[in-house]
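Per Swiss-Prot, the features are as follows:
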- HIS64, GLY65, GLY66: Cu(2+) 1 binding site (BINDING)
- HIS72, GLY73, GLY74: Cu(2+) 2 binding site (BINDING)
- 55-97: compositional bias 'Gly residues' (COMPBIAS)
- CYS182-CYS217: disulfide bond (DISULFID)
- ASN184: N-linked glycosylation site (CARBOHYD)
- ASN200: N-linked glycosylation site (CARBOHYD)
- 25-41: region 'Interaction with ADGRG6' (REGION)
- 54-95: region '5 X 8 AA tandem repeats of P-H-G-G-G-W-G-Q' (REGION)
- 63-70: repeat '2' (REPEAT)
- 1-24: signal peptide (SIGNAL)
Amino acid sequence: MVKSHIGSWILVLFVAMWSDVGLCKKRPKPGGGWNTGGSRYPGQGSPGGNRYPPQGGGGWGQPHGGGWGQPHGGGWGQPHGGGWGQPHGGGGWGQGGSHSQWNKPSKPKTNMKHMAGAAAAGAVVGGLGGYMLGSAMSRPLIHFGNDYEDRYYRENMYRYPNQVYYRPVDQYSNQNNFVHDCVNITVKQHTVTTTTKGENFTETDMKIMERVVEQMCVTQYQKESEAYYQRRASAILFSSPPVILLISFLIFLIVG
């Protein structure tokens with residue numbers, strides 16, 4: 001019996017405390033902001049007065065109406081009413097006048113599409129009608145069938161190109177067309193560049209260079225065609241309905 005009475009009193013006490021807390025939350029606060037008697041912002045009429053008193057009637061440690069440590073009505077560390085670090089009132093930080101930082105022109109944003117386009121265009125050689133320059137290769141070891149040309153190649157291989165010019169493989173019907181075009185443009189471009197430097201190629205040079213460049217163009221074709229077919233296979237795989245359904249289901253599981 002005693003235990004039941006004690007439980008009832010505890011329940012009544014808990015309800016009373018809860019009701020008192022709810023009334024305290026709903027009860028309106030008198031006046032304005034924190035530790036003030038009226039409006040939170042100056043200039044808004046209120047029977048309780050303003051949060052920031054007029055000049056001449058400052059709060060604790062305010063000789064001239066400013067905030068704490070404010071000799072002339074400014075913000076903290078503001079000697080003359082400006083923003084922080086503003087000696088004579090006015091605009092934004094470090095500005096002595098009335099011009100706001102909002103009036104400054106915004107910096108132009110970098111367009112990501114333009115950046116991506118510039119990066120993609122970097123692989124295309126300017127002035128060569130869409131030809132691309134392949135990565136540097138080690139010059140192949142080739143035997144020409146006679147000791148003179150073999151020795152000549154070993155002694156002069158630095159004069160021959162180690163990169164080739166080419167178009168995308170999907171623009172050609174077979175390897176022979178790709179290699180033929182690759183050899184012609186690479187030899188022509190290298191010959192023109194070398195001639196402008198004051199060097200000339202002999203008939204032996206041209207014969208050896210065409211053979212070397214042909215081998216490099218074959219290597220370039222194999223590399224490019226492999227990458228091309230891998231891209232096509234990936235596109236076909238990810239465009240198939242079962243894969244799309246599976247990806248959609250996984251996204252649903254992650255998001256949901």
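Using the three backbone atoms N, Cα and C, a Cβ is placed for every residue, glycine included.
Positions of Swiss-Prot features highlighted on the structure.
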{"residue": "CYS182", "record": "disulfide bond", "DSSP (3 states)": "helix"}
{"residue": "ASN200", "record": "N-linked glycosylation site", "DSSP (3 states)": "coil"}
{"residue": "CYS217", "record": "disulfide bond", "DSSP (3 states)": "helix"}
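Neighbour counts were taken at the CB atom with a 10 A radius for the glycosylation sites ASN184, ASN200; the maximum falls on ASN184. The shortest Cα-Cα distance from ASN200 (N-linked glycosylation site) to any of the recorded positions (CYS182, ASN184, CYS217) is found for ASN184. A straight line from the CA of CYS217 (disulfide bond) to the CA of ASN184 (N-linked glycosylation site) spans 10 Å. Neighbours of CYS182 (disulfide bond), defined as other CB atoms within 10 A of its CB across all chains, total 24.
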